[in-house]
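Some notes on the structure that comes next.
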Amino acid sequence: MSLVDPFGRKVTGLRIAITSRCNLSCLYCHHEGEEANPTGSREISKDEIVKVIRAGVDLGVKRVKFTGGEPLLRSDLESILKKLPGGLDLSLTTNGTLLAGRAKSLSEAGLGRVNVSLDSLRPEVYSRITGGTVEDHRKVLAGIDAAVEAGLVPVKVNVVVLKENEDEVWDMVEFVRGRGVILQLIELLDFSGRGLGGDFSRIEGELEGRADKIVTRDMHRRRKYFIDGAEVEVVRPIDNTEFCANCTRLRVTSDGRLKPCLLRNDNLVDLGSADLEETKRLIEKATFLRSPYFCKGQNPSR
Ligand code: SAM
């Protein structure tokens, strides 16, 4: 069984926001494209998460990423992981503040790898961007080390490139080289319209200039730069027709709706109280509603 949308794109991944609650307040946050629901008044339940993943697996889903809000605010993540079918690529994106104490139990429950958001190595800049404290910053650093130790690899450190942190990129490259983790530089989707983004083209030009090797991943056609033992991946979705053309994921919102695209909210499919078979039909329906937001000759689509 496989899921293919009307543009010929296969769906092989689910990205599930398991809560909209967060313990940080990043200046730039896109809230996974959800309309704000910071109190999480309706939060997808453990059984609903397991059901949508099982239904997805029956239809060819191979990868699941848990996100939020801050997914580690849910204490039932380990018990969710334990109920999932084997053989899946299970990963998590987290702000890392609660990771150090959970890395081992998450790994034992079946999580494969983590992405940890860390927008600055300087505690004061980190605080300005995320609203977190100096102590939170220390916990994130400890969380990265704990994740490596627990075997949640490859650990990726996510950095959204901002005016505030663009001068730190080469320090970040040193940071990841020393720890055996991957640096993932993300282009800002400027939902706030405040011009917070850094000069990504300049940075990518510098990466190109210093790279020993450059490879392109299938997923979103993301480029990876290898620089003297450090690995740097770039995520540039804006106006990127290749990014959308190679998108293989369907999203699930924190209130239990299928979301075909990060950037749209006019085509959500409510999972309601559907049983497993009905959930499969709803996943097929949401797949049919997928269309590339940035596509050649038409921008945005539909
Ligand atoms: N709290 C978790 C975390 O920090 O990873 C999960 C949710 S967060 C929304 C997931 C990822 O989206 C983070 O790596 C974050 O940096 C990224 N992100 C959030 N807002 C963004 C934006 N406006 N543009 C680009 N990336 C963004």
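Counting begins at 1 with the first residue displayed.
Glycine is treated like the rest: Cβ placed from N, Cα and C.
What TrEMBL says about a protein is an automatic prediction, not a curated fact.
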> Say TrEMBL lists Arg15, Lys65, Thr93, Arg249, Leu250, Arg251 as binding GTP: which of Lys139, Lys156 is in the same site, per that record?
Replying inline: Lys156
> Once Cys22, Cys26, Cys29 are set aside, which residues in the chain still have Cβ within 8 Å of the Cβ centroid of the [4Fe-4S] cluster 1 site?
Replying inline: Leu24, Ser25, Tyr28, His31, Asn95, Thr130
>> Given the binding-site residues Cys22, Tyr28, Ser117, Cys244, Cys247, tell me which ones have a C-alpha lying within 10 Å of the C-alpha of Thr93 (GTP binding site).
In response: Ser117
>> Can you tell me whether DSSP puts Cys244 ([4Fe-4S] cluster 2 binding site) in helix, strand or coil?
In response: helix
>> Going by DSSP, is Lys156 (GTP binding site) sitting in a helix, a strand, or coil?
In response: strand
